[in-house]
Amino acid sequence: MASSLSNHCSSLLKLCSKSQDRSHLKKLHCLILKSLSLSADTFLSNTLITCYARSDLLSYARNLFYQIPHPNPFSWNAILSAYSKAGCIPQMEEVFFSMPEKDGVSWNSLISGYAGHGSRDRAVAAYCVMLREGLIPNRITFSTMLILSSACSSAGLGRQVHCQIIKFGFESYVFVGSPLVDMYSKSGFIREALQVFEGMEEKNVVMYNTMMIGLLRCGMVEDSKKLFREMAERDSISWTTMVTGLTKNGLDLEAIDLFREMRAAGVGIDQFTFGSILTACGGLSALQLGKQTHAYIIRTHYDDNVFVGSALVDMYSKCRSIRHAEVVFRRLRTKNIVSWTAMLVGYGQNGCSEEAVRIFCEMQKHGVEPDDFALGSVISSCANLASLEEGTQLHCRAIVSGLISFITVSNAIVTLYGKCGIIEDSHRSFDEMQTRDSVSWTALVSGYAQFGKAKETIDLFEKMLNDGVKPDGVTFIGVLSACSRAGLVEKGYSYYNSMMHDHHIVPIVDHYTCMIDLFSRAGRLKEAEDFIKQMPCHPDAIGWATLLSSCRFHGELEIGKWAAENLIELDPKSPVSYVLLSSLHASRGNWDEVAKLRRGMRDKKVKKEPGCSWIKYKNKVHIFSADDQSHPYSERIYVELEKLNDKMIVEGYKPDLSSVLHDVSESEKIHILGHHSEKLAIAFGLIFMPPELPIRVVKNLRVCVDCHNATKFISKITGREILVRDAIRFHKFSGGVCSCGDFW
């Protein structure tokens, strides 16, 4: 009867342990102490030790073990296993070396404890001692050693263990075969993995899944699909493995088709399946399918799962539906670093850099520490905003936290300083990097290119090639842009051909736009026209606008009309074509044509984007528009402008009236030019910014010719360094000279 009661209590204890019901486990222990003589029932004590260990109540397990008057081998192994699984290595070793006798279970616990908690060398040493003492390893020993080999990417150790598996006759065991296949595939020896797999007489679904994962990891998609179809039995892991593998190999459409097949087969779908299919929807920008999947997620009650929620945020962000991403994010009751980062990156991908910085600050308030990916993303957003102050603070944070050592963070810092116009600091950050990749080089190349430093850009690019770093398409965009802005047409054309023939990079629309810019900026508009006509695709709106802008600058009416017609056809609601063509006609005095274009804009309800400039002072952004009277310090600003204008005229400044696109008197044109937004922002900076600091102004449009000339005079008269970042590039004005060489 006592034995029956003991067995019944043991079953109840295991049930409590399995359900992690600690309260009932302790109550049951109390009941056993009252009803039975626990000191005389070692079997029940051993069960309690195991159950307490599984319920993360290690101190209870330890106390109970030391209360057993005569622990048997099962008792010793129970407490040893508890310490092993908890990673309490010193206590595990103490128990192991105190054991009166050790069996295979004892050695397996010791090896597993070492292997599972970062002590690879001690695990291998223990395994060797076990062999020397004449104990024969079993399938658990071999499985542990193979998993250790995989985790450490140690094919040499794995091969030695494989030899011993054959020696001791365990090669036909499926339990050993699966980790053996996994070890070889993770080490890149897929042929050996296939040999082990094919040599197994009996294969279960776990082994098939392991082999599929290995094939997909090595990019052998067709082989994995064939294996999947050959499976007599598939579980949810089999389906999820294939869906995930197809997604990771860029086969998003196939992944979606297989997901549909999976649903039709009635297979249970878990968080990992949803995560993979949402990744596929994001990769294809398939918003409608993503919404359908979202609806299915809600029906299956996975919408509050943090893993699935993060994947939904990422999917909506990649589908350019950032407001849907926000709604999903806000509804998540539990958020982790992945979900916060998904929202942060989503804002950045959708051009919402201010929101990205804001969500980062919110993340900080919630006590979530950023990882390298989150910190790199928010620094990139600061770079897009040209927000030097916040970016510098984040740079300091990266140094203090140690995240500066991650290449994603270092690359973002190089980009930050480049986009903020401090190319020297960008280069210094690049030089301080311990490791560099093609993104690092590209960030610096692009920084120099945007600054108009063509020679430095080309020298850096050549050094990149000499160091054996392979450039990508983005690198060539930077190099071609630099050549364009410096008027190096032949050099740029040579790099364009090298990109295709030497580096086998297929041009995309951005490269074609660079080439159009290269020819048209240099006034070689007929060559630009011929290049467009032989392109395999039509230019995008930026390409046509680039050509039209150059036609305006060089006064080429016919090609300008052709570019404008194509731009209007491509984007009827864009004001760019109307404004540039109006400017071209205005420069020739064709005011009737200008009026006609403006009527067309009114009829089609096309609105020109108003020009504005902004400057940051004492953590506040001050925004100015042309002829702005709304600023609290407007009176002081206009007085400062009048003083500057008088001094500039003495130095030889003459307003460029061609920058005014209105049929008004000369005096009115001079008045309009004198109150452009960037001039107001610069005057504000001269009044309030300390003399030792440069004046940094950002403009949303391309700076006009007159403002460019005026800023050169202002920098000479005041002795101040002025940095203007417009829609095209950086301009660094100092001593009456601009870094762009008057070519922008």
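Even glycines carry a Cβ here, placed using N, Cα and C.
So that you can see what the record holds, here are the features copied from TrEMBL:
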type	residues	note
REPEAT	72-102	repeat 'PPR'
REPEAT	103-137	repeat 'PPR'
REPEAT	204-238	repeat 'PPR'
REPEAT	336-370	repeat 'PPR'
REPEAT	437-471	repeat 'PPR'
REPEAT	472-507	repeat 'PPR'
DOMAIN	652-744	domain 'DYW'
Fill in: Intrachain neighbours beyond the repeat 'PPR' (72-102), with Cβ under 8 angstroms and 6 or more residues off its ends
42-43, 45-46, 49-50, 52-53, 56, 58, 61-62, 65, 109-110, 112-114, 116-117, 119
Worksheet item: Helix, strand, coil residue numbers for the repeat 'PPR' (103-137) per DSSP?
Response: 26 helix, 0 strand, 9 coil
Worksheet, complete the sentence: The answer for the repeat 'PPR' (472-507), taking Cβ pairs under 8 Å and residues 6+ beyond its ends, is 438, 441-442, 445-446, 448-450, 452-455, 457-458, 461, 464, 514-515, 517-519, 521-522, 524, 729, 740-741, 743-744
Discussion item. Could you tell me the mean pLDDT the prediction assigns to the repeat 'PPR' (437-471)?
Written reply: 92
